[in-house]
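Scroll down for the structure; my scribbles are underneath it.
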Amino acid sequence: MPPSAEFARSTSTNEAAPIRFDNTYARLPEAFYQRVEPATAAAPRLLRVNDALARQLRIDPQFLESPEGVAVLSGNVIAPGSEPIAQAYAGHQFGDFVPQLGDGRAILLGEVVDVAGKRYDLQLKGSGRTRFSRGGDGRAALGPVIREYIVSEAMAALGIPTTRSLAAVLTGENVMRERVLPGGVLTRVASSHLRVGTFQYFAARGDIENLRVLADYAIERHYPEARSAEDPYRAFYDAVVAALARLAARWMLVGFIHGVLNTDNTAIGGETIDYGPCAFMDAYHPDKVFSSIDQFGRYAFANQPAVIRWNLTRFAETLLPLMADGTDKAIEAANASIARFKDQYQDAYIRGFRQKLGLALEMEGDLELAADLLARMAENQADFTLTFRALCEAAADPKGNAGVRALFANPSAFDEWAARWRERLSLEERSAEARRTAMLAASPVFIPRNHRIEAAIQDAEAGHFDKFHELVEVLAHPYDDQPQFADYGKPPAPGEEVQQTFCGT
């Protein structure tokens, strides 16, 4: 399979331009998008720029902070080299297929190549209506902009594949939701915005020609090694399955709940995308749901791996016309590929869980040991993040159970498990300090707790941004103790719990 032609004829990069756009998706056929101009903002004001990410993308942060930069980040000015488009896609939403969704309040400005030669999208979220808006106003309230900035950057600091946030801007205008709210625009960075739903869009129309164009483009952009395989499209599918199996495991190891895991919110590049009603658990429970629209718990915490597998099955269905020779052979190949998801997920999950438990060697019974701890945590309302952080200290001290015991409603439930855990630790020759160091690197002390995010949003809506900035700074170092910010590691006090989160559309 030759390289995708769109990459060979991408727009030439202007090294003198403040943002060095090098666009490829806008070279695809126009069935893939709508060319559109962002809506303007009445009185744009910069809220935050991600300096480190800007430098990685070869963009001068000082430009982004200038009036000219803010004009670009708000959609008021189209930068040289930018080719704004709204991408088309379809998707299963809570199991029901919608043949046309698309970017209803997001506009892809273009692509840049970072200092390591990796390609990224720059997208404005909250930048106005497109033909995919479906009656919406195309705008974003400030709250969802702040939530995505906080959580996506926290996920990146945790080492979890994710879209990023380059900047947040106040528009100086209000939007009408359940009440009048200040408006904002987020500049999102992603390795691409290719979704399972992008493939479903063309498959649903029987447009095999453009489906092949899309698959070839995705291979070139994300998995170029698949080009040389005997069946490049199956190799591509296998790579996506493996990437999403690893991603699901990473979510489960930190207590992250996506909240709206539709096929249009499943990125084939293996990144977490679309943070609308997402949340991190405080007290552990496998059936935890935060999203206000997930009334039946389809996307509950424990269901996430199975949902990803379901989404991958829908993805396989779109690729059948491209895979192997003949429908039966293609179905057989796809089934063999999706069957590997369970083992790939389980391998990534138990490998990560072993590190959280201080185990370096693979032994029979480790998965059961992990499952038993989680069951006891659920029964005793133990905080997910604090339990694993406290285990780090317990592992370093044979008599150091007190910190973990205090997190359990019935401390004896932990004692029973801890006896077996310490027996398992004794089977490995490893210093206590080496074990503790490894565990600390897998168990953060700081996560974006829901009540902290809500407090930052409420203050921001009132025009005060200190809580937002401080929370972003603390979460940039989630594995460091940062004693001066110890309160950020604490669970919500009674009355502070956030029971529901909202999409923010």
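Placed from the backbone N, Cα and C atoms, the Cβ positions cover glycine too.
Swiss-Prot annotations:
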{"type": "ACT_SITE", "residues": "Asp264", "note": "active site, proton acceptor"}
{"type": "BINDING", "residues": "Gly102, Gly104, Arg105, Lys125, Asp137, Gly138, Arg188, Arg195, Asp274", "note": "ATP binding site"}
{"type": "BINDING", "residues": "Asn265, Asp274", "note": "Mg(2+) binding site"}
{"type": "REGION", "residues": "485-505", "note": "region 'Disordered'"}
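Sequence features annotated in Swiss-Prot and their locations in the structure.
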| residue | record | DSSP class |
| --- | --- | --- |
| Gly102 | ATP binding site | coil |
| Asp137 | ATP binding site | coil |
| Arg188 | ATP binding site | strand |
| Asp264 | active site, proton acceptor | helix |
| Asp274 | ATP binding site | coil |
Worksheet item: Using DSSP, how many residues of the region 'Disordered' (485-505) fall into helix, strand and coil, respectively?
Response: 5 helix, 1 strand, 15 coil
Fill in: Spatial separation of Arg105 (ATP binding site) from Asn265 (Mg(2+) binding site) - C-alpha basis, Å
14
Worksheet, complete the sentence: Whole-Å Cα distance, Gly102 (ATP binding site) to Asp264 (active site, proton acceptor), is 9
Fill in: Distal contacts, the region 'Disordered' (485-505) - CB-CB under 8 A, six or more residues away
104-105, 136, 140-141, 143-144, 147, 177, 259-260, 276-279, 282-283, 290-293, 383, 385-386, 389, 445-446, 449-454, 470-471, 474-475
Response to the item:
Among the recorded positions Asp137, Asp264, the one whose Cβ has the most other Cβ atoms within 10 Å is Asp264
Practice prompt. Between the Cα atoms of Asp274 (ATP binding site) and Asp264 (active site, proton acceptor), find the distance and write it as a whole number of Å.
Written response: 9
Response to the item:
So Asp274 (ATP binding site), by the Cβ count within 10 Å over all chains shown, scores 24
Fill in: Candidate with sparsest Cβ neighbourhood (10 Å radius) among Arg105, Arg188, the listed binding-site residues
Arg105
Discussion item. What does the structure give for the C-alpha distance between Asp137 (ATP binding site) and Asp264 (active site, proton acceptor)? Integer Å is fine.
Written reply: 20
Response to the item:
For ATP, with binding residues Gly102, Gly104, Arg105, Lys125, Asp137, Gly138, Arg188, Arg195, Asp274 per the record, max Cα distance (Å, no decimals) returned as 23
Worksheet, complete the sentence: Around the Cβ of Gly102 (ATP binding site), other Cβ atoms within 10 Å, all chains included, total 22
Discussion item. Give me the CA-CA distance between Arg188 (ATP binding site) and Asp264 (active site, proton acceptor), in Å, as a whole number.
Written reply: 17
Worksheet, complete the sentence: Quick note, Arg105 (ATP binding site) and the residue listed as 'active site, proton acceptor': C-alpha atoms separated, nearest Å, by 14
Worksheet item: Just counting, how many other CB atoms are there within 10 A of the CB of Asn265 (Mg(2+) binding site)?
Response: 21
